[in-house]
């Protein structure tokens, strides 16, 4: 191992320090998309294209798709953090997922840490989201977090999106019944992400990725109803589509049939 001593003149050292300090004032980055212009990006972030050029050391207004630009902070922007979902961001600002996606021209349901979203103004039309954000989701027949509420609502969306509302509530109730059962994990998150001793996921949407789709308004309401004690199945621990050919599932005592779904008790 070599011990190398480097002497830096005070002026040079102050310049280097200044560069690191200046980077910290940037709230986020923006990745240029096809069709973007500096002017258009500047309008999104409430600044001017000349300031963007200065912030990024650009000599011309020419930019390219995939190029990463530093952008100034703004009260109406949000940088995606690890563990975020479109629903959680919308919930935080009292808006709907559709409003969030529309404001950003965003089509996908998948987001990544570091992405920057423009936050539109909330309206009175997003009642389901506002009701949740007032804190009611922290009280129910079992303890749970806002993230678990979102996860439960997303599972309901993935499993019963085309089913009657009662079936949606029933799906959420099955998860809650498992949490309370003493034979499954004791949190919503651990129940939904459980993998059995044979490596099988308990819920197909976790395996195929549909769990990552944002929750529908009906699913949010259904999750809230189930967490308040509504259970159309009267204690079921399993559910499956009536087209299933799984003999073991069909051998379980049936608690209810709702739409195309069958709900069963354990043995």
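Cβ from N, Cα, C; glycine included.
Annotations in TrEMBL come from automatic prediction, not curation.
These numbers come from a predicted model, not from an experiment.
The signal peptide annotation in TrEMBL covers 1-27. Per TrEMBL, domain 'LysM' is recorded for 28-71, 76-119.
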- Message: Give me the DSSP three-state residue breakdown of the domain 'LysM' (28-71), ordered helix, strand, coil.
- Response: 15 helix, 8 strand, 21 coil
- Secondary structure content of the domain 'LysM' (76-119), with strand meaning DSSP E or B: 16 helix, 6 strand, 22 coil
- Task: Could you please provide the mean pLDDT value for the domain 'LysM' (28-71)?
- Result: 82
